[in-house]
Every structure is written in C-alpha cells, then in structure tokens.
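**Q** Taken from TrEMBL, the feature domain 'F-box' covers 6-52. Feature annotation from TrEMBL assigns domain 'ApaG' to 187-317.
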Amino acid sequence: MAASTELRMDELPSDPLLHILSYLAFRDLVRCSYVSRRLNDLSKHNPLWKSLCCKHWLLTDADRLQSGVSWYCLFRQYYTDLGRYIQYYPVLKRAWEQLKAFLQQRCPRMIASLKVKDEISPASEAKLTFYPLTKDQTAQDPSAIDMFITGSCFLEWFTTYVHNVVTGEYPIIRDQIFRYVHDKGCVATTGDITVSVSTSFLPELSSVHPPHFFFTYRIRIEMSSSASPEAACQLDSRYWKITTSDGNVEEVQGPGVVGEFPVMTPGKVHEYASCTTFSTPSEYMEGHYTFHRLANKEEVFHVAIPRFHMVCPPFREPVTRTQKASASYSARFDDHDDDGEYCDGDGDDFGDLRGINMAALEGAWCPRHI
C-alpha cells in the first residue's frame, strides 16, 4: 500500500491560497501572516489590500496612483491616521462626499472656503469634539455649548444632517445652511392665505447656566394661486401669544413683520425669519396677522399663525475632561515583537497592523457623544 502523503496548507499553490485569503477581514489577514513565512508574503499581495482599501477607506485607483505606494502601504497609512474610526469612516465619508457634491452645485462658495485636510497632530485631535474631516475644524471645549445633546452619537447626527440638507429640509439662505425643523402639522390656512412655521434651536448662542435658550423661527406666508385678484391684500400688524413651560403668558403686538409690510397677491410667497430667547427649556407661540384688502382698505381681517413649539434638546452639565487616552493612542494593534521561527521581524512590514484583542479595541473607540 502506498504511503499516504500529508498535504500542508502552506504547500498549496498560490492561486487557491490567495482566493481563500480574499475572503478574510483585514485583521484576520494580518493574523495569517504570523503562521508562516509563505503566508506572510502572500498576505501582502496587492489585490487583497485593494479591496480592503475600497471597502474601509473608499479609495480608488486614482488615489493609489497619486499616493505612489502599494495598496498594502496605503491601507497602513490610512489605518495609522484613522484606524480608530474604521468602523464608522465609510458611512461618514460617503455622507461627507454626498454633502460636498450637493453644495458644489447649490453653494460653491461654501465648498471653496474649505481647506484640504492637512496633518492633524494627535495632541490637537485629542481636543476635537468631532471627527477631523477638514482643516477648518478647530479644537473646542465641549462646554462651549454647555453639552446640548443634539444626537445620540456623531454618526447619527451627521448622517441625519446631510440627509436634511440634500433633501431640502434645511434651507440654504445667503450661502448658509439653516437647521430649521418643520412640523408637518404646523400649518394654518385662513381663506386664501396659508401660514407655515419652521424652528431652529441654536446651541452655540444658548447656555444652561445662566438659562438662556436661543431659537429662530422662519415663517412662510403664501396666497393661493387660485385666489381672485380682488383678494390681494397687505399685512399691517402681528399679534403673538407666548406661553413658557412654567405657565407664564406674554402677549406682543406691533406693526409689520421684521420691519416689512408684505403685499400678498395670488401665488405670492413671502418668507421671513426672526428669533427669540427664553429662560425656560420649552415654550410655544401662536397668534395672527392683520391684513387689509388693497381694493378696500376698510376691509380688515385676521390670518391665523399656527401654534409652534420650541423645545431645547436634552443637555448635561459640562465636565472637565480628565481622560487623555486619545492623546497617546496609536493605531497599533499591539506593541510586542514576535521572535518566532517564521515571523522574526526581518522583512515583516506589518508593523502597525499586528492583530490582537480586536473586540476590545473596537469597544474602546465608539463615536463621541455630542
């Protein structure tokens, strides 16, 4: 009987081995490099890292050519710089590119004002309260906005923000994006005139101590295009009834709106924005406008302004940062040298990609809450 021959995995031809390796996540690919010198060499095969660069860093052939290095080296460079965010980077990067493409069409001046991201030192990055995408982002103390919680995490906040911008939910006015939120039910129609309201909370102009909550509201007044020409009218005055969360009621009335007395004709739309501040975290406003007909100034009538609520987002007391882990963080998977027979370090270029305790690493670097 012929003696059976044992087939070792690392004795297989390169093609089937590379095919198997192509199914591995990058950390598993690094671990395979520790098994033998042959797997170490195969694990650096350029096409393997091309797919990983495309998956995790959204890189293209043009990016690789511009870098002048191999796909493997390019992956290492990006991991060293952004490895702590690898779980979230593709989603954030896609959203960022979507936002840039939209603004390039709608607001090119805003895009032109951005600077290309240069090197950001670990010390500076440790102070950032957000992910570094462009150089214009500056280090700030989170207590500057008293820790208003405008999202459960940065990933949710940013992707929602981009969605609202590109769908037109957030209007662009004079080359600025305004985060107005419109409640679909916040609409009132009186005769031929419809009034709708959207609101926005400005954390950068608000504070918890002392309690000072800053809101802006944007009002759209529209006359139906099917209205009769005789229905043309002009706004004379406004009346507001303001109720705070502690039950205080204030009534305000005055001429026009922000110094204007708009004339409404069939199909005409008039929009304006104003602001208000409160010492309570929530309130609501409602009221009416007074108009007169252009054809008959004696004909005066009221147009209802729907009730709209302004609610401060949750907040927490600012705390002093005592954790400095991010300042000393390095995107290495481990710091030890392996002196084994096959992986003695000679010619081993994996360096920053040595893979141990990946689950612990991922759990330690969740998105920062804001």
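Here the Cβ of each residue, glycine as well, is placed from N, Cα and C on the backbone.
The shown structure was predicted, so the numbers you read here are calculated from the model rather than taken from an experiment.
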**Q** Please list, for the domain 'ApaG' (187-317), how many residues fall into helix, strand and coil according to DSSP.
**A** 6 helix, 84 strand, 41 coil
**Q** Mean pLDDT for the domain 'ApaG' (187-317), as a whole number?
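**A** Mean model confidence (pLDDT) across the domain 'ApaG' (187-317) is 95.
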**Q** With DSSP helix as H/G/I and strand as E/B, how many residues of the domain 'F-box' (6-52) fall in helix, strand and coil?
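**A** The composition, in the requested order, is 31 helix, 0 strand, 16 coil.
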